[in-house]
Structure formats: structure tokens, C-alpha cells
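J.: This structure is in C-alpha cells; I'll ask about it shortly.
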Amino acid sequence: MIQSYLISELSKWISATAIIKSDVEISYLVTDSRSVSNPGNSMFVALRGSNHNGHDYIPTLYQQGLRCFLVDEDYKTDATLTEANYLVVQDTLSCFQQLAARKRDYSTCPVIGITGSNGKTIVKEWVAQLIGTTKNLARSPKSYNSQIGVPLSVWQLTKETEIAVFEAGISQKGEMQKLAQVIKPTIGLVTNIGAAHQENFSSRKEKLFEKLQLFKNSEVIIYSRDVPFVKEGIREIYPEKKTYTWGSDKSADVRVLKKEISGSVYKVSLQKEGSDIELEFPFTDEVSFENGMHAVSTMFYLGYTVSYISEAVKKLVPVAMRMELKEGINNCILVNDSYNSDISSLALSLDFLIQQSRKGNVVRTLILSDIYQSGIKGDKLCKRINDLLKEKGIDRFVGVGEVLAQHAGVFEMDSAFYASTKEFLDSVTHNSFKNEAILIKGSRNFEFEKVTAFLEKKHHQTRLEINLNALVDNLNYYRSKLNEKTRVLAMVKAFSYGSGSFEIANVLQHQKVDYLGVAFADEGVELRKAGISLPIIVMNPESKSFPSMIQHQLEPEIYSFKVLSEFVDELKKEGLSKYPVHIKLDTGMYRLGFVESQMESLKEVLGQTPEIRVKSAFSHLVGSDGADFDEFTNLQISRFDKQTSDLESALGYSFIKHILNSAGILRFPDAQFDMARVGIGMYGIGAVEQQNLKCVTSFKSYISQIKEVKAHETIGYGRRGELAYDADIAVVPVGYADGLNRRLSNGVGKMMVNGQLAPIVGNICMDMCMVDVTGLRAKEGDEVQVFGTDISVDELAQELGTIPYEIFTSISRRVKRIYYYE
Ligand SMILES: *Cc1c(COP(=O)(O)O)cnc(C)c1O
């Protein structure tokens, strides 16, 4: 049972000033206005971030039926929300943490707290997998380990919880202490501490010491004895504390005697308290071994028996940490979520499904396998799933597995049940799914990748993977450089710089950017049809598209008197007035826009045209990324400043003014005016401060065939690739028709195969190319990266004598785009 507390009681926990109209039972705390599922007994915690103010969402949440709000003193309560209850405090984040800390205090079960630079989530998930159904377990959903994620995780504790595993991550000094007060781990676990120290720490040691703050009151710290740096750090801070260690060192509690790869398993010989133990991990890489040993040591410490652990270890499954969005058959979209199954992650994935649904997806469907939520009985679990599906408005439910099938009667929506994945696949046809937004979520052993493969629209396997978290992080990075009041226009022209249209626009809409910019009307129409409601500027409006622009409320860039009069004619036909338009001023690019000498007549004409309303005026910088041009950039800015203020006084009303693009935001922060237009930077390329941006797009393919070819033979068309030695040549199904520039032929370009660079041999063909994998670890089916996380687009662009913009936008539409969240 989810515990609930009266809001009046919660108020006392944090000494809030309470404005309570009627006392409400609170079970859930919510920080994300987009994912509320039980408005009746939730309290919304309004948090302020650098580019986000939670208080702004209170009216919308009130409309959705939410009545309780934790707000700060700067918030002016809204009198029209007559039934709202408020807890008013100085600092909402810190009170949110206090609430969770208090709930933690009511719990007496062992709590494992995990920190470290890498592996926290995997170790946490593996500890949970190993504990399995032996105990009622609570754990952080996904990688919820931040100042906000930790209290959300800890708030899940209930009276029934028998053990909890939470992870804690920090990026700054002082943060761990706060997390420590919320988690109060009885058992501490350090994974590893990365070699580099982040910008906010002066040294690696300082970072370690900060992390170790988590364990102030823990009874024990579990760690690897083989990392002297961690061992010494723990000794220094906690000389008296009990530790439980693993490693090859003689004094380790769990000693690793031997480990060897045997086929697809890692065989490990251990010694613990004098007795020998053999384990078989179902993976063969060193990182997984380390994570596995952390999890196993924790199990030993908890007192599980050797025979239990050795059986459980064999069944460990990889922790996939991303959610993919794919194009499905019959106008369906698929969200493929291979995160481990549990109710809280199901709720998050359903939110993602709803967020990504398009207008044409008239049915929302969930295909779910049995989920092994520890400690909850089948009927109870099914009731909770049913409640969740009703709350989220899921229309159709497909249950796969015996537990779900046994409780078929619990589900109130259109539903069907199958005992196994095979039975499901044998029973349905492609016609069974149409115009649906489908979430596919299965436990590993159900092999739901077969379900995904069945429902997926088939393309060839060369693909562009787009990391949506990275896109959002980059957007927020640019936002952090802007004043609070400066609006953001996100450029999604040219198929969002090659990365996709609706999917990107939808994320941006969700992130509450103010405007979208497209190049042509068609792109805007496509976005409207898919359900994007943000204002959209069309940079290149063509007169034949004016009717459809007006029909879809797209706002034109007006760059000449001709465009102005033609657009106004169309507005007159429709009998419209005050239609929002954007005036383009040419301050030095000499592309589109009104030049200085036209300003007088422009003022006059605009003043006499009631059909339109100037929503904004803008100009574009020609060299904002280069110091060589700074003088000219400043000249453009001052021309713009003068022209727009003249125009404003002539028109007698104000409008939005904007001139900065991505590079301009970083280099000319004083020229923000009222809005900035971010483009390439969002997609991970920055002329300056590149290191603060994340890679968003990776262009990938795979090896379809490997051939042994003798020295002096030649590879491909025109016999250009003559071999100097006996070589292994791999064929990769990506060619110039996919956007692989043919100038990368004959060794100019290289591709990444299993972390090794393989040069392109011979001429690139239309649909394929060949790479030399002689002496490399490579086999048929292996993934190949053209560019992305491992090969930078910047370098590729330099090699080709072009710019990243061209590389991104040259990738053919036939290349499948795959979007994912990590
Ligand atoms: C493309 C474009 C931008 C974005 O430029 P980036 O260099 O990609 O940030 C801004 N303004 C206009 C008018 C554009 O056409």
C-alpha cells in the first residue's frame, strides 16, 4: 500500500506556512508537471531551475485536478484557484528533500546507498535482480540519483519495504551531504571514481571525499580492494568504519583467485572465509565483471547463501538504459523500452509514449510481459497496472505471460492475453495494429525484441541515432547563457539539421521553447499535421504556399516589399487582420531582408497595413563564430539596434527583436535583445565551448560481409583500391546515396569498428562501401560508426573542406532515424 499523509501533517514536517482549504491525503510528490497520474492525492513541488520555473505550471495542474502545492515565498498565490492548498516555504527543493528524509526515518529496513562515477545504475539494478523476489524491494527508478531524483526515489518507501537500493550522483561540492540526509544508507557501496575530476572539483581526491560523505552513518562500506585510491580515501575519512571488500588482494573479504573467459561466460574463482566459490557471470567484459562483483559482494554481505547467489548470478541480464522511438507498420509509432520492468518505470515510459504520440495515433496500446516486481502478489500487481493504465488513458492492452493471463479479468480496457511471446506472434498479423502509439515493454526473458522486429517498419539497417537527452542538455546549455527573459527560437529547418522533424519539434515543444523556425512552408505544415502547436516562423515563404501557411497558422518571414504585398493580398482575401509576421532586416549578409535604404518606406508601408502585425524583427549575423569578424558583427548589431528602435517608434508598438544564432549566444551575450535563435549548437556542434556540448547524432551501419582478399587485388569500381598486403575487407551497406560523401573514398575516410579505426578502401559506391579490417577485431554483423560519439563530425567536416551543417543535412531521408532517451 502506498502510504498517505494529510497535507496538514506534511506541513508540520517542514514548518511551512500552510494555506489549507481542505485537508487532503497525500500519497505522491510530483516535480514534473507533465507526469501526474493521481492528481487527487498528489502534491506538486514547484522547483525553480535556471531556465524553468515550476510555479508556472500551477494553473494547468489545478485544471487537471491537483489541489496541493509546495511553493516558495516569491510565488503570488492565485486567487482564482479557489480550492488550492499551499505549503509556503523559503526553499522548495530543500523542503522536498526534508519530506523524503522524514519518510526515510519511518523506515527501518536496510538501505543500500550506491555512489561512484560509473556503474551506479547497473550495480543497483543487478543487486535488485539478485535479490529477486526474496524481499519486497524499493529502488531508484532508472538513474534517478540527483538532488530531485533521490527524494523521488526515497519517497517510494513504504511499511512493507524490506530492503531498498538507492543511487546518489553529484556534480558539485556540498551536494552529497544533502543526499546523505535523504538516503541515510545503512550499507554503503562505492563503484569506482573516474580518473578525471569534473570542473567543479579541484582534484580527484576532493571528488572522492565528497562522494564518501554519503556513508557518514553507514554501518559498512563495500568497495573494491584493488583500487588503492578508494581504499586510502576511506581509511583517511573513516578510519574506524567497518568495510567489506572484494579484490585480488589477500586481505579482501571476497578474494578473487582466478577469472577466465570461457565461451560466453566469465568463470570466477573466489575465496570467502576460507571456502572456495565458483561463479559464472553471463558476460565477458571487464566492466561488467567489476559491476557484477560489486553486486555479488553486497549479496554476500547481506547473508545470502553461496548456492543462492551462484544460481542467481547466472541469470543476470544486461541493463539496457534507453528507450527507443521507432517508426512502426501501418502508421504506428513504437516506443521500445528495454529498461527493467517495474511499475515506476512503466509509468515513466507511458508518459514518454503519450508525449511522443502524433495526431494520427488514435489508439494508445501497451504490450507488456509479466513483470517480476519483487514482493507484490499477482492480483495486487495487476490491479495496480490496471489503475495506472486507466490514469494514463491507455486504450488497448496486450498481456504476455502467465501471471497477466491469469488475472485477465482485472483489466478494464480492450485487452488480449497470451501465455508466451511465441503464442502472441503466432496469433497476430500486421493488420492487428493500425494508427496506434504502442509501448513495448517486456522482461528480458520474454525476448520482446522479436515483438519490436515484427511491428517495426522495415528499412535498411544503416541508421542515424539521435540522443534526445543530449539534445535537451545542449538546448539547456544555451539557455543557461541567456537572461531569464530572453526567449528561445529553436531552428528545425532542413529536417532539423537532418535529424528529423516531428520528433525533434515535439521534444522542443515539451521543453517549452518559444518559437520554432523552418525553412519552407511544407516543413511547417508537416509539423502542424503531427500536432505541433508552437508558433512557427517560415524563413523562406513562397507565394504559392501562402494559403496553406494561413490555414496552418504559420508565420512568414517578410523580407521584401513584394512578399509583403503578396501576403497581404492573401490576407485580404481571407478577411484577416493583425496576422503575425516577422520582418527580416539585412544588416550585412546581403541575402534576404530589407536594406538600410528601404527603411523609410518600410515604416510607411507597415504603418498602413492593418492586415499584419509585426510580431518580431530580426537579422542574421554573417560571422558570429569568428573573432576575425567581431568588428563587423558589432557593426551589424548596432545597425540592427538602430533600425529596430526606429521601426518600433514609427509603428507605435513594440515587437520581439532577435539577431543571435548559436555561436552569437556564446560570443555576443549583450546582443540578446528579446530572443535568440539556436540551431547547430542544439545538435551538438559549437564554434566555441564545444566541450560543453553533447553528441546528439550518430550515423551507424554494420558489416554485412567480410572477405579475405589477396595482395595486389583491387577493391571496387575503377580498381582504385589496390591492396599492398593480404587483407580482410568488410562490406558496409552505406554509400553516397545515404549521404556518405564520395570524397571519403580511398582512405580519406575511416569508420569505427569495435573501437578501432578502419579505413575506407576503394571508391565509395552508391549503396555500399568497403573498409579494411585487416588485423582488427571485426566480424560480420558488427556495428560500424560513420560519425558520432567516436568520430567527430567537426573533424570529418574539416577533412572534406566543408562544415558540419552540410554533413548533417546530407544524410539521405532513406536512412532510418532512431530516437532514444537514456
Ligand atoms: C539557420 C539559422 C539560424 C541558426 O544558426 P546556427 O548557426 O545553426 O545556430 C539562425 N537564424 C537564421 C535566420 C537561420 O537561418
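One-based numbering along the chain as shown.
Glycine is no exception: its Cβ is also placed from the backbone N, Cα and C atoms.
What TrEMBL records for this protein is below:
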ACT_SITE  Lys493  active site, proton acceptor
MOD_RES   Lys493  N6-(pyridoxal phosphate)lysine
BINDING   Arg591, Met766  substrate binding site
DOMAIN    696-820  domain 'Alanine racemase C-terminal'
ACT_SITE  Tyr717  active site, proton acceptor
J.: Which of Lys493, Arg591 has the fewest nearby Cβ atoms, counting only those within 10 Å, among these recorded positions?
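T.: Sparsest of the recorded positions Lys493, Arg591 by Cβ contacts within 10 Å: Arg591.
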J.: Whole-number Å distance between the CA of Met766 (substrate binding site) and the CA of Lys493 (active site, proton acceptor)?
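T.: Roughly 26 Å, rounded to the nearest whole number.
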J.: Sorted by position, what residues of the same chain at least six away from Tyr717 (active site, proton acceptor) have a C-beta under 8 A from it?
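T.: Spatial neighbours, sequence-distant, of Tyr717 (active site, proton acceptor): Gly762, Asn763, Cys765.
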J.: Under the DSSP assignment, what numbers of helix, strand and coil residues are found in the domain 'Alanine racemase C-terminal' (696-820)?
T.: 23 helix, 45 strand, 57 coil
J.: Check the domain 'Alanine racemase C-terminal' (696-820) for me and report the mean pLDDT.
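T.: A mean pLDDT of 93 is what the model gives the domain 'Alanine racemase C-terminal' (696-820).
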J.: Rounded to a whole angstrom, what is the C-alpha distance between Lys493 (active site, proton acceptor) and Arg591 (substrate binding site)?
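T.: Counting only the Cα atoms, the answer is 17 Å.
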J.: So if I draw a 10 Å sphere around the Cβ of Met766 (substrate binding site), how many other Cβ atoms end up inside it?
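T.: Met766 (substrate binding site): 12 neighbouring Cβ atoms within 10 Å.
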